[in-house]
Amino acid sequence: MLDGYSLRKYDWKDWTLMIITSSLVLQVVVTLVLSLYGPFIFNRFFNTPFTIEMLDLIPVYGTIYGTIISLPLTLWIIYKRKIPLFNRKQLTKNQSFILRGLSKEDWKFLLFYIPSSYTVYVLGENLLINLLGPSDPVNQIAVESMFEYVPVWQMFLMIVIVAPIAEELLFRGMLLFSGDQREATWLRVCISSLAFGFVHTPTDLLSIYTYVGMGLIFSYAAKHTQTVEASIVYHFLNNLLGFIVILAL
């Protein structure tokens, strides 16, 4: 998988399996399973009595475990189907730097692009806050509330490790690249950014800017370098910063 598979168009089986194993679907599936079989699962596998209070936490557990489970399943599908998502430029070990699939030139671009684009993004966000007033996105509120019930290490695993990889493979890897073409089109950049933004349930103009804008800067990182790895790195750093800020509050 790290050597890179031959570029080809994604067929309907690729799309179906990638969607089924995505965190979006598995969060719902795990939540439904816990709703139906919660007492049995907790008593049998965790040796923990299932209480009435735990019913309110089922969506939290569904989100956490659905997201975490999605990554190994997604990677397995990529491996079995030989979907050309990783190392699309098929760089050798000698051509790669630090991370397989990214060259030294890619890293030079990211070292400039990430801080500069993030600065512009934050300035735009602050401008909207001054014009429209502050807003608390539903997705952000939900994530912050999970810290009250979920161990920090599980939150770190979900937010910083799993989410950047799983989401980028779907929104950048599948939506941005057509499979057999190395470079993404601007139309696909727009589609990928909008899909990523609206999946995060924005409720007002500020939250639309927050998530669609985030999807846009991730998408351009992938488009410019012709890699999913670049957007994963950017997404990882963004979520790591957010995770640290939440812990510091």
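Glycine is no exception: its Cβ is also placed from the backbone N, Cα and C atoms.
Annotated features in TrEMBL:
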TRANSMEM  15-38  transmembrane segment
TRANSMEM  58-79  transmembrane segment
TRANSMEM  110-132  transmembrane segment
TRANSMEM  152-177  transmembrane segment
DOMAIN    152-241  domain 'CAAX prenyl protease 2/Lysostaphin resistance protein A-like'
TRANSMEM  189-212  transmembrane segment
TRANSMEM  232-248  transmembrane segment
Please indicate, using numbers and ranges, the residues of the same chain that are 6 or more beyond the transmembrane segment (58-79) and have a C-beta under 8 Å from a C-beta there.
1, 17-18, 21-23, 26-32, 34-35, 38, 85-86, 142, 145-146, 149-150, 154-155, 157-158, 161-163, 165-166, 169-170
Against the transmembrane segment (15-38), which of these stretches has the most C-beta pairs under 8 Å: 110-132, 152-177, 189-212, 232-248?
152-177
Can you tell me the mean pLDDT for the domain 'CAAX prenyl protease 2/Lysostaphin resistance protein A-like' (152-241)?
94
Secondary structure tally of the domain 'CAAX prenyl protease 2/Lysostaphin resistance protein A-like' (152-241) (DSSP, helix then strand then coil):
72 helix, 0 strand, 18 coil
